[in-house]
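Read the structure below first, then the notes.
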Amino acid sequence: MGRKNRPRQRSRGLFWQGWGAGYSEIIKENKLFEHYYTELKIVPEGEFEEFMQAMREPLPATMRITGYKSRQEAVSMIPPLLMKIEPQHKILDMCAAPGSKTAQLIEMLHSDMDIPFPEGFVIANDVDNKRCYLLVHQAKRLNSPCIMVVNHDASSIPRLYFDQDGKKDILFYDRILCDVPCSGDGTMRKNIDVWKKWTTSNSLQLHGLQIRIAVRGVEQLAVGGRMVYSTCSLNPIEDEAVIAALLEKSEGALELADASADLPGLKYMPGITSWKVMTKEGQWFSDWSEVLKSRHTQIRPTMFPPTDPEKLASMKLERCMRILPHHQNTGGFFVAVLVKKAPMPWNRRYPKELQMGECPADAPVEAVEGESPAEGNPSVPDTPDLLEVKKDDVCGPPPPKKMKLFGFKEDPFVFLTEDDPIFPPVQAFYDLSPDFPKLNVLTRTREGKKRNLYMVSKELRNVLLNNSERMKVINTGVKIWSRNTDGEQFGCAFRLAQEGVYTLCPYIRARILNISVEDVKVLLTQENPFLSKLGDDAHNQAKKLGMGSIVLRYLPDPKDLNAPQCPIDLCGWRGKTSIRAFVPRNERLHYLRMLGVEVFRDKQGKRNDGSTEIPEGNVLAGCQTQLMPLYPNIPKTVNMESINREKVYLKYV
């Protein structure tokens, strides 16, 4: 029976009440929700019952084959795809946690597998200190030297600087993802407590914050750049109203882009140009003039569509995209793509030569991108006089607000100098190529022995060195070496780290052991196999290598199509009579599955007799389905067809 012909049912769900209380039943009905969206007419005529039925059904789980496994809601993958990321782009993710979209951005930045250090980078921000560490956990899975996690209020994220051609300049981003906090009524299929909590007051309270975040985003966007604004809400107060307010404030500096051709096959509804505002008590207002003064603190003029028909038509709000759950069995989502055509009208300041002295009354005002009346909090962007005149007749920009750092104090980020005594033994042991970027290596301590060495891209180093006092950095860089005291007797105190092996390998010219598919299986299923367990070729190579850290490298054979057709680099240790792979458990399981080896995870793969069962299976060939760091290529979406504790069966869409 099709969804349209099914009888309407009262769907139920379970809601956890707390320890000892058990689960209470949630009925998936909200009369105010139905009344509100019926009146707004965001759903095509005759489809509302189908829309509501889809909202009551559980959301199908989706997976995206990436650098590592994610579970991610299908429509939430859309915003990064609309950003048109290129390897040289400087990207800001304003509200990044928990990090699934950030992971997509990193993968797109590394789309060219032959470039270990793209010129671009991703700065991922979140206001919540604890969620920043979740963001770090997600980003670390991709092992990129081009990601930095920072902790700031997105509505006042500080303006950053960098050195360009010997002078300090303002950093503007080529791409910005503005996935703002929202009421989340598009997520009812997976967050069933929204049914119980939904009210229009959620949207009314978030509207102002959403505008402030979006305004700060376009301030930091480069001219010609793209900003994608998105929410998992269907409410026009959080969607079209924010976009309309942003376009009106920009005075032509921003333009809504037509992104319909960027995702062929995607079913969506165009943005609406007419909507009303409703209070949580059910009172409707069609225009700001109807709102009582007692409601002015709750309802703002920017929540209504523009009253001027010409201005409304010029905004082209129909270019916004609203995704409805029943059209392709997804969650609800809203997305809009903004292109910056010119500097924002309130970004003005006096010429530099006048900033330190007296300013004549008729001093010219120079339009310079990046300066705002309140350091990124343009609550009064319409004020023509953007400069503060002091009592002593000296004028200049308003004093910047003092940044408040909160949460845990992070360890410092200390870059090594080119003549640091660490480098000579490391360079000699691994025979690093002359173009190895020593200046991009950093540590997290100023004193004592350096335990770990990390690497960032040249561009992120530039940002870090010029903004250490302006921003709170939670994490950056990929670990490339770890201190190993046993290694000192072999000439090098630092062993390779698996998470940085793909970043470091282009510069390593020694300590490389070429291995076969069978060698990989042995190294990943046995803890410390004897050298004799390797194939003849690998065994002969190993006998010529001294003890210490090594790279275990598998290179694909184009003639053997049953073997993986992508290179694999593993960190290892050549012992006296044995060899070991230093690979984390999750990666180990992944590589084995790539090779057609399924390790049953019940009791860590051990059978009752204590042995390990490793049945042979079909080999996954090709790079498109690899879960390898820095090998993202084209993201694919798959439906999770069935799951149990031992196996996951995937079906491609």
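Every residue, even glycine, has its Cβ placed from backbone N, Cα and C.
What TrEMBL says about a protein is an automatic prediction, not a curated fact.
What TrEMBL annotates here:
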type     : residues                                                                  : note
ACT_SITE : Cys232                                                                    : active site, nucleophile
BINDING  : Cys95, Ala96, Ala97, Pro98, Gly99, Ser100, Lys101, Asp126, Asp153, Asp179 : S-adenosyl-L-methionine binding site
DOMAIN   : 1-341                                                                     : domain 'SAM-dependent MTase RsmB/NOP-type'
REGION   : 367-394                                                                   : region 'Disordered'
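Where TrEMBL records a feature, it is marked here on the structure.
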residue	record	Cβ neighbours (10 Å)
Cys95	S-adenosyl-L-methionine binding site	22
Ala97	S-adenosyl-L-methionine binding site	22
Gly99	S-adenosyl-L-methionine binding site	27
Lys101	S-adenosyl-L-methionine binding site	24
Asp153	S-adenosyl-L-methionine binding site	19
Cys232	active site, nucleophile	23
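Mean predicted confidence for the domain 'SAM-dependent MTase RsmB/NOP-type' (1-341): the pLDDT average there is 89. In this structure, the CA atom of Gly99 (S-adenosyl-L-methionine binding site) is 15 Å away from the CA atom of the residue listed as 'active site, nucleophile'.
The residue listed as 'active site, nucleophile' sits 13 Å from Cys95 (S-adenosyl-L-methionine binding site), taking the Cα positions as reference.
For the S-adenosyl-L-methionine site, whose binding residues are given in the record as Cys95, Ala96, Ala97, Pro98, Gly99, Ser100, Lys101, Asp126, Asp153, Asp179, the maximum C-alpha distance rounds to 20 Å.
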